[in-house]
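Asks: This structure is in C-alpha cells; I'll ask about it shortly.
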C-alpha cells in the first residue's frame, strides 16, 4: 500500500497496558469488531478496549501520578484503571477542568483580537454553564454519586472540545466568503473580457470620466475601511491579502457596467428556454469534471454523452463515417476509467500486443501515404517515418526481453538499457524531422511518444494513448464538420493543411457559442488524460516495475522524473490535437485559454470548499492536491500549448548531400 492513507492496517496500533494500578482483563462471551485481529491473536474471549491516540497521555499521567499534560485533548479511559470509584471520579473531574482551561484560553485569545460587538461566543459553554457544570460535579462527588459525576465530566469534555474547534475555525466563514468573492469577481471579469474583446455581442461604449473617478474613490474608501478594521483587530498579514483582494477585482468588474447592461439587453432578446438550457448544460459539464476527481467512472458517463454528440446536434447527417468512428472510439475510451488503477497487475503480453498494433496501424498509414500521389511528399519524410517504426519495434522487443530477463533473475540487460535511453532522447527530436502537414506531423508525434510510453507501461495502460490519439484525430475532423454545420467558414482540406503556415493572425475569427463547447472538450480530454488510467493516489504510490526498462537501482528522483513523463505523454497528445483544432477552426489561442480559465476557476471554487482538515493524511493531502491541480490547470495548459506549438510547427532540416555534375 502507500504511506499515510486511512486504511485500518495503517492507522490501528496495538496498545498493551500492564503493571500497578492497571485493571485485569475482563472475560466476555461475544464482541463485534470489523477487523479480525482478535481471531488472529486468539484473544476473542477477552474484552478489547479501543482508545484514541490522544487518550494515552492522560492514562500514563494518571498511572504515574503526575498532572495531565497542559495541551492534551485526550479523555482518560477509566476502564484501564484498577482503583476506587472515588479516585476515578476525581481523575475525570481533573481531566475535564484541564480541557476546559484550554477552551477558556482559546476564547480569551479570540476575544482580544475581535471587536466586542462582532464577537459571538460558543453558546453551549457560557460562563454560567461552566460554573453550573463544575458545581454539579463537585456535589455528585460529595454525595458519592460517582457514575453521575463521571458522565457529567464526559459531557463537559465533549463540549469543551467542540468549543476549542469552534474558536480554532472562528474566522473560517469570513475568510472563505472573502476568497469566494474574489473567485466570483475574477471569473466575472474574465467573462467580460472574453465578451468585450473576442465577440460581437457588445458595442464599444465611451466611458464617462467623472463617473469612473467617483467609482475609483468609493472603492478606495471601501478598501481603507476594511484595512482599518483588520488593523484594530491586529489580524495576521495574510488576512489583508484575503480581504483586500476582492476590492480591486470587483472594481474592475463594476467599471464594465455598460457592457453588462448591453449584454443583459442582448440576453433578454434571446429565447429564455435556450439560455436556461445552455446554463444547465454548462453546470452539468463542470459538475461531471468535479466528480471525476473523486470517482473516475464519472468520465465514462461524460464520454458516453460525447459519443451521442453527433446525433444530438444532427452532425452525423453530413458526415456519417466520421460520426460513427467518433462514437465507437468514445465508447472504447470510456472503458478505461472503469478499469482498476494502473500498477496493480502487470500484463506484459498486452503491452507487446499494443506495440504490434501500433506497428500495424503505422504500416497502413505509410502505405496510404505512398499511394497518394502527393506532391507534398518526399523521401526524407518517409525515412523519418521508417525510423519511428523501427523505434516502436525496438521498444516492444525491449519491454518483452527486459521483463523476461528480470523474471529469470538475470537483471536488466545493458543493451536494453542503452536502447531505452536512446529511444527516450530521440522521441523529442524525431517528430521535428517529419513533414509539417497536419496528419503527418500529428502521426509522427504519436509514434515518437508511443515508443517511450511502451517502455514505461506494464499493463492495459499501453493501449490508452493509442485509443486517445485515435479519438483526437477524429475530433479534428469532427470540428471541421461542426464549423460547416454552423456556417462559420468553408471547409479547408485537412490533408494539405500545413502547420508551418497556420499562424497568420489576420485570419482569426470572433468567438461563437460552439467555441465554449470546444474549450470544454479540451478540458475534459485533459482530465481524461490524467484520470483515464490512474488517480492522485496512484501517482503517490506507483509501481516501480514501470521504470524497469530504464533502471533497476532505486533512485527516487530519476524514477519520479520518468513517472511524470509517463503522466505527461497523454497530455501532450491532447494538446497537439487541440493546437490542430485551434488553427483549423481559425481561433486565437488567447480567447480559448480565457474560456479554459473560466472553467478551471469555477472548478477551483468547488475544490476550495471541499478541502478537508480532518481524516487521514491521504484524505487531507488529496483534497489539497485537487485544489492545487485545478488552480494550476491554466498555467499547465499554457505550457502544454507552448510545447504543442513547438512540436507541430518547428522543423529540423538535416543537411542533404549535394550532387556534383561533371
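Note: Cβ is positioned from N, Cα and C throughout, glycine not excepted.
Annotations per TrEMBL:
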- 162-616: domain 'GPI ethanolamine phosphate transferase 1 C-terminal' (DOMAIN)
- 173-194: transmembrane segment (TRANSMEM)
- 214-231: transmembrane segment (TRANSMEM)
- 237-254: transmembrane segment (TRANSMEM)
- 275-295: transmembrane segment (TRANSMEM)
- 301-317: transmembrane segment (TRANSMEM)
- 348-370: transmembrane segment (TRANSMEM)
- 412-433: transmembrane segment (TRANSMEM)
- 462-478: transmembrane segment (TRANSMEM)
- 519-537: transmembrane segment (TRANSMEM)
- 557-580: transmembrane segment (TRANSMEM)
- 592-612: transmembrane segment (TRANSMEM)
- 624-647: transmembrane segment (TRANSMEM)
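Help me picture these features in the structure, burial and contacts included.
Replies: Long-range contacts of the transmembrane segment (173-194) within the same chain, counting only residues at least 6 positions beyond its ends with a Cβ under 8 Å from a Cβ of the stretch, are 239, 242-243, 245-246, 249-250, 252-253, 256, 259-260, 511, 591, 594-595, 597-598, 601-602, 604-605, 608-609.
Here the transmembrane segment (237-254) has Cβ contacts under 8 Å with residues 171, 175, 178-179, 181-182, 185-186, 188-189, 192, 215-216, 219, 222-223, 226-227, 230 of the same chain, all six or more residues outside its ends.
Tertiary proximity for the transmembrane segment (301-317) is limited to same-chain residues at least six positions away from its ends with a CB under 8 Å from its CB atoms, namely 288-289, 292, 323-324, 326-327, 330-331, 333-334, 337, 478, 481-482, 485, 521, 524, 528.
Here the transmembrane segment (412-433) has long-range neighbours at 380, 384, 387-388, 391, 394-395, 398, 401-402, 405-406, 441, 444-445, 447-449, 451-452, 455, 548-552, 565, 647, 650-652, 654, meaning same-chain residues at least 6 beyond its ends whose C-beta is under 8 angstroms from one of its own.
Non-local neighbours of the transmembrane segment (557-580) in the same chain are 424, 438, 442, 445-446, 449, 452-453, 456-457, 464-465, 468-469, 472-473, 475-476, 499, 522, 525-526, 529-530, 532, 534, 539, 542, 544, 546-547, 550-551, 636-637, 640-641, 643-645, 647-648; each lies 6+ residues outside the stretch with a CB under 8 Å from one of its CB atoms.
Same-chain residues lying 6+ beyond the ends of the transmembrane segment (592-612) with a Cβ under 8 Å from its Cβ atoms: 176, 179-180, 183-184, 186-187, 190-191, 193-194, 198, 286, 289-290, 293, 511, 515-516, 518-520, 522-523, 582, 619-620, 623-624, 626-627, 630-631, 633-634, 637-638, 641.
Distant neighbours of the transmembrane segment (624-647): 293, 431-432, 441, 445, 522-523, 526, 536, 571-572, 574-576, 578-579, 589, 593, 596-597, 600, 603-604, 607-608, 610-611; these residues of the same chain sit at least 6 beyond its ends, with a Cβ under 8 Å from one of its Cβ atoms.
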Asks: Considering only the recorded stretches 214-231, 275-295, 462-478, 519-537, state which has the highest number of Cβ pairs under 8 Å to the transmembrane segment (348-370).
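Replies: Counting Cβ pairs under 8 Å, the winner is 462-478.
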Asks: Express the predicted model's confidence over the domain 'GPI ethanolamine phosphate transferase 1 C-terminal' (162-616) as a mean pLDDT, rounded to an integer.
Replies: 85
Asks: Within this structure, do the transmembrane segment (275-295) and the transmembrane segment (519-537) have 3 or more Cβ pairs under 8 angstroms, counting pairs 6 or more apart in sequence?
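Replies: Taking Cβ pairs at least 6 residues apart, the transmembrane segment (275-295) and the transmembrane segment (519-537) are in contact, with 3 or more under 8 Å.
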